[in-house]
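Colleague: Residues or ranges marked as disulfide bond in Swiss-Prot (evidence: sequence analysis): Cys227-Cys253. Under the heading region 'Disordered', Swiss-Prot lists 1-20. Per Swiss-Prot, site 'Involved in pH-sensing to the transport activity regulation' is recorded for Thr470, and the stated evidence type is similarity to another entry. Sequence annotations record features per position, and here Swiss-Prot assigns topological domain 'Cytoplasmic' to 1-57, 115-131, 194-198, 285-301, 362-382, 427-445.
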Amino acid sequence: MAISSAEGMELQDPKMNGALPGNAVEQEHEGFLPSHSPSPGRKPAQFMDFEGKTSFGMSVFNLSNAIMGSGILGLAYAMAHTGILLFLALLLCIALLSSYSIHLLLTCAGVVGIRAYEQLGQRALGPAGKVVVAAVICLHNVGAMSSYLFIIKSELPLVIATFLDMDPEGDWFLKGNLLIIIVSVLIILPLALMRHLGYLGYTSGLSLTCMLFFLISVIYKKFQLGCTVGHNGTAVESKSSPSLPIHGLNTSCEAQMFTADSQMFYTVPIMAFAFVCHPEVLPIYTELCRPSKRRMQAVANVSIGAMFCMYGLTATFGYLTFYSSVEAEMLHMYSQHDLLILCVRLAVLLAVTLTVPVVLFPIRRALQQLLFPSKAFSWPRHVAIALILLVLVNVLVICVPTIRDIFGVIGSTSAPSLIFILPSIFYLRIVPSEVEPLYSWPKIQALCFGVLGVLFMAISLGFMFANWATGQSHVSGH
């Protein structure tokens with residue numbers, strides 16, 4: 001679920017969203033893209049006739065942008081509650097499962113010639129399927145918007161206080177809740193009221209660049225700071241839980257290879273949130289030069305592999321800097337007066353601020369298609385939906401105590417739905433029994449994959465609700 005996780009949906013043309021002519025549905029079996037009856041003397045159009053112009057490398061870059069998101073900030077926290085080896089093993093499992101999930105999507109797309117995640121839902125489950133898929137994508141994007149605004153709430157007061165040489169907890173105009181409202185009204189809302197994305201679509205490249213800068217800075221600061229636990233004033237004290245000392249759970253600079261506590265059940269949801277890119281896979285497939293299922297799977301594997309390395313390095317060096325005291329929003333751990341980290345904060349704030357309206361566009365579009373499918377464009381409705389969404393997300397961010405809860409809930413609901421459950425349902429319903437019998441090994445695998453997603457969702461939500469009910473979320477949370 002990625003800083004640019006929704007961008008591809010909005011940039012698609014009507015065909016890419018499945019708005020195909022009626023006779024096109026009858027021709028879906030002929031190729032990945034529908035074609036009309038050829039004129040006399042012309043050969044029928046095939047998939048290669050609609051070949052995209054995007055190179056393999058650029059497709060990898062685009063999909064990496066779709067994967068990369070705010071979830072990277074919470075991975076060191078996840079490692080602190082599982083240990084280095086267990087975390088890396090779980091991260092590898094999520095990466096491999098994401099790759100298999102994309103394999104299922106590409107197989108379904110090849111069978112029916114549909115290029116949008118929502119349209120696969122309609123083909124598999126009828127109109128209700130399209131509604132369910134659109135609702136899940138909207139939920140995930142609302143979660144992504146919330147995580148971006150929470151970063152603004154957490155980091156902007158530190159940036160302003162640094163420039164003004166003030167205590168970030170001192171004056172009223174440095175309160176995070178007030179600042180996210182100001183940013184939403186003055187910057188995000190005007191951008192969200194645009195009818196088209198325009199140059200906002202290029203913020204995806206900015207987001208990946210900022211996160212690469214963040215990774216390099218995390219590695220550099222580890223070697224510069226050494227051990228920060230308990231005695232190094234560079235680390236910012238945790239303010240979300242006054243009862244916690246700065247040294248947190250571990251009083252020494254000793255890395256844990258394996259560990260377990262009540263917070264470890266946030267680990268896999270945070271990882272799942274960090275790997276969601278599935279609604280963008282088919283649009284990127286459409287634009288791929290010399291498209292084929294094998295070539296697009298290679299794009300996905302390279303992108304996921306690159307993000308696995310980037311996530312693993314960020315989590316490892318972040319954890320080895322702060323150990324068990326690391327917070328769910330790792331950037332908040334560094335000193336507000338550190339010049340390098342100040343530059344990182346500015347870059348991340350710029351990226352997430354410009355990405356919020358990009359994520360809002362497909363949510364509004366989905367709501368309009370579901371609630372007002374036959375209505376012409378209306379400025380009052382266009383503005384009202386944007387206002388309602390921004391108010392809803394602002395209230396959510398103000399009320400939620402930590403970004404970990406956002407990562408946890410979205411990573412336990414929409415993420416397993418998009419990665420595990422829906423692709424397996426699509427495969428079971430769309431791939432005909434003549435091609436793959438119901439009791440064939442591929443369909444049994446897909447069924448087990450979907451069941452795994454349901455179990456993952458139920459277990460993660462169950463433990464999180466238990467934590468909230470017992471108050472452990474606040475006692476142990478950062």
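Along the chain as shown, the residues are counted starting at 1.
Any Cβ shown, glycine's included, is placed from N, Cα and C.
Keep in mind that what you see is a predicted model, and the values were worked out from it rather than measured.
For each feature listed, report its degree of burial, its nearest neighbours and the pertinent distances within the displayed model.
Modeller: DSSP assigns Cys227 (disulfide bond) to coil in the three-state reduction, outside any helix or strand.
Following the DSSP three-state reduction, the secondary structure of Thr470 (site 'Involved in pH-sensing to the transport activity regulation') is helix. Its Cβ taken as reference, Thr470 (site 'Involved in pH-sensing to the transport activity regulation') is surrounded by 11 other Cβ atoms within 10 Å in the chains shown.
Residues in the topological domain 'Cytoplasmic' (115-131) partition by DSSP class (helix H, G, I; strand E, B; coil) as 14 helix, 0 strand, 3 coil.
Shown for the topological domain 'Cytoplasmic' (285-301): DSSP residue counts in helix, strand and coil, namely 12 helix, 1 strand, 4 coil.
Each residue of the topological domain 'Cytoplasmic' (362-382) gets a DSSP state, and the totals for helix, strand and coil are 14 helix, 0 strand, 7 coil.
Tertiary neighbourhood of the topological domain 'Cytoplasmic' (427-445): same-chain residues 104, 107-108, 111-112, 120, 123-125, selected by CB-CB distance under 8 Å and a gap of 6+ residues from either end.
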Colleague: Calculate the distance in Å between the alpha carbons (Cα) of Cys227 (disulfide bond) and Thr470 (site 'Involved in pH-sensing to the transport activity regulation'), and round it to a whole number.
Modeller: 33
Colleague: Starting from the Cβ of Cys227 (disulfide bond), draw a 10 Å sphere and report how many other Cβ atoms land inside it.
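Modeller: Looking across every protein chain shown, the total is 15.
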Colleague: As a quick check of your reading of DSSP, tell me how many residues in the topological domain 'Cytoplasmic' (427-445) are helical, how many are strand and how many are coil.
Modeller: 9 helix, 0 strand, 10 coil
Colleague: Helix, strand or coil by DSSP: which one applies to Cys253 (disulfide bond)?
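Modeller: For Cys253 (disulfide bond) - judged by DSSP and reduced to three states - the answer is coil.
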